Amino acid sequence: MRMHFVVMVMLLPALMMAGSECRSSCRLTNISITVESEECGSCITIDTTACAGLCKTQESVYRSPLMLSYQNTCNFREWTYETYEFKGCPARADSVFTYPVALSCECSKCNSDITDCGALSQQTLSCNAH
């Protein structure tokens with residue numbers, strides 16, 4: 001009986017570490033963005049990085065109007081912008097597409113001033129046929 005207890009106590013930290021690695025934590029992930037330019041008559045798919053995953057959060061069962069409640073979401077901590085220039089566009093067409101590239105991620109309150117705080121669609125979009 002004592003041997004089983006010692007083995008369980010020694011395995012507990014290893015099991016806890018394995019469990020935390022198996023969760024989908026907030027991290028960089030590769031995504032594809034489909035961009036269509038009707039003016040330029042072309043459609044491309046851009047590969048970039050974004051932030052995705054779960055963040056630890058707690059929601060109180062009792063909701064009080066005096067206590068603000070928010071949940072942490074997986075957000076960009078640092079990012080840069082890159083541009084793609086469509087080829088073969090008419091002279092006055094807007095041929096440049098600028099998109100964000102995540103460099104690092106963090107769990108924080110979503111800032112709706114700079115972020116679309118809705119859920120990211122899991123559907124792969126494709127260009128419309130002309």
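Backbone N, Cα and C define each Cβ position, glycine as well.
Look at Swiss-Prot and you will find 1-18 tagged as signal peptide. Annotation comment: Swiss-Prot describes C26-C74, C40-C89, C51-C105, C55-C107, C110-C117 as disulfide bond. According to Swiss-Prot, the N-linked glycosylation site annotation covers N30.
Note on proximity: of the recorded positions N30, C40, C89, the one nearest C110 (disulfide bond) is N30, by Cα distance. For C51 (disulfide bond), the Cβ neighbour count at a 10 Å cut-off comes to 22, with all displayed protein chains included. The Cβ neighbour count for C105 (disulfide bond), using a 10 Å radius over every protein chain in view, is 23. Note: the Cα of C105 (disulfide bond) and the Cα of C40 (disulfide bond) are spaced 34 Å from each other. In terms of Cα distance, none of the disulfide-bonded residues chosen from C40, C89, C117 sits within 10 Å of C26 (disulfide bond). There are 18 other CB atoms within 10 A of the CB of C40 (disulfide bond), with all protein chains counted. Cα spacing between C51 (disulfide bond) and N30 (N-linked glycosylation site): 9 Å, rounded to the nearest whole number. Within the set of recorded positions N30, C55, C74, C117, the entry lying nearest in space to C89 (disulfide bond) is N30 (CA atoms). Of all Cβ atoms in the shown protein chains, 9 besides its own fall within 10 Å of the Cβ of N30 (N-linked glycosylation site). For C117 (disulfide bond), the nearest of the disulfide-bonded residues C40, C55, C74, C107 in terms of C-alpha separation is C74.
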